[in-house]
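Trainee: Taken from TrEMBL, the feature domain 'Lipoyl-binding' covers B:16-98. Annotated N6-lipoyllysine per TrEMBL: B:57, in sequence order.
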């Protein structure tokens, strides 16, 4: 017997087994939403503007005769459009995000509050320096934290992203070799850069962009750099090696000291990709490992936002040997306060140039320093510890149903699985990831690193509670068991419950439609 | 037809070698979405990257199995990259190379040896 409420109406609805498609395309209280260009507000304006006082135009025949082709929306229409779109998206503010710091970790709201202080948010790069002393001091403090945490003597703050930081590091290395007479156009050029097979794609791309020939270094069975292969490829023609540590397989490069010793013996520089610094911050100083240059993605380790692809910040720390080549600008402090040095005045300064017009991403500097100061050095150490602990918890609790790519020993901040366990199920890594969406979880990184077949790379980050990790793990276990039990239909057509179903990624890549055209029969003026 | 450990195949007719990627390679890449083949006249050395193949999963270099001069790249792949998946060891060929040193072919695997090699992966 069903329960009744106070007016005698049953409180439990009749259970309906089948789920009919809705008549409008809406789902629950979520509205179907079209492109903004397909709204019907053509010719409409959201605000009343007075007629312009001047009449006529100096443009003569050049005056535009066709409509400009932009839809008109009122304020609530514009807001609803974007809020509806945001409801179709996943965000770290909704649930665990197993892409991890690679994309974005939790952004503490304190950072946002600090970045919105008018003294930081309402200033302009061309203001007199005497009026932005606080901002310059903040940059100086951020530089101090970055140098202290990495054990490196210099830092270039201005690079705008990780890959931009790689470019900065490699350009400093190129400048150092040129100064030593081994430039790319010299008689004894150092023109090669060694990159392990598991590297981020940006590493070889950066080296090639700077003018170097990329040589691959093999990987050992247990997912680390093959030191013997590295040693055989080092020589007087090698400019640098680029190693990620912890590497993209989520493993600490246990021979890192030997790698750095061999590299320096060969006269090359050691570039470290700092993408995975989150796993070791506060515990390992890259300077102690012999690193000469390393970029730090502020969004990965220091919790700055990364939504919509930016704005990014990728400061680069530099060793004693590379410090003279750091790009302008940099902050110095003296008796008359803080000063942003825009041009190297001293002849000893060998700055290779600059990477952007002004000082870099001020808003990201504020957020990163806010994160550092609110955690303190002990808190940052705990960040690394918890990030590693969480990844190992996931690895341990899934290792009996999924296959761990490198089972020996603990992982760092990422748990890496291959698709060996899916063999014979007719379910692929892609199918599995799509089914995760139906269960309410954003997929992890798939098919990367390339050296692991059907890779599934899970990075929970340090902020997930045990309850949230358990919720994720139970969903993964249920899906894994379903795949093994032959419930293939659950995977092949997934996602069934997302606003858009399985997309034809192949056709999208082969025949991309890059231009919007007005729907057939509409009165919209296509431009 | 002979094969390399990097999963290229070579078919020789006179002094002209037709080269492509093996069915195993095409299957492993998944749906191919982009192919860049070399222009005629380009000289390549064995082991050089001479073409690029990109799928929804990964981008890879294709290495020359023999040295020589490219006499034709398969331009049809630019607009129909799916041919690489449909017929990797036939219409999905990448280039025809005029072989400069036929003895290089001896070091390559025949079908049986390649299948044996695949079973070890």
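Quick reminder: no glycine exception, Cβ is built from N, Cα and C everywhere.
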Trainee: Residue counts in helix (H, G, I), strand (E, B) and coil for the domain 'Lipoyl-binding' (B:16-98), per DSSP?
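Mentor: DSSP classes over the domain 'Lipoyl-binding' (B:16-98) add up to 15 helix, 35 strand, 33 coil.
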Trainee: Can you give me the average pLDDT across the domain 'Lipoyl-binding' (B:16-98), rounded to a whole number?
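Mentor: Result for the domain 'Lipoyl-binding' (B:16-98): average pLDDT 93.
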Trainee: Are there any residues at least 6 positions away along the chain from the residue listed as 'N6-lipoyllysine' with a Cβ closer than 8 Å to its Cβ? List them or say none.
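Mentor: In sequence order, B:29, B:30 meet the Cβ cut-off.
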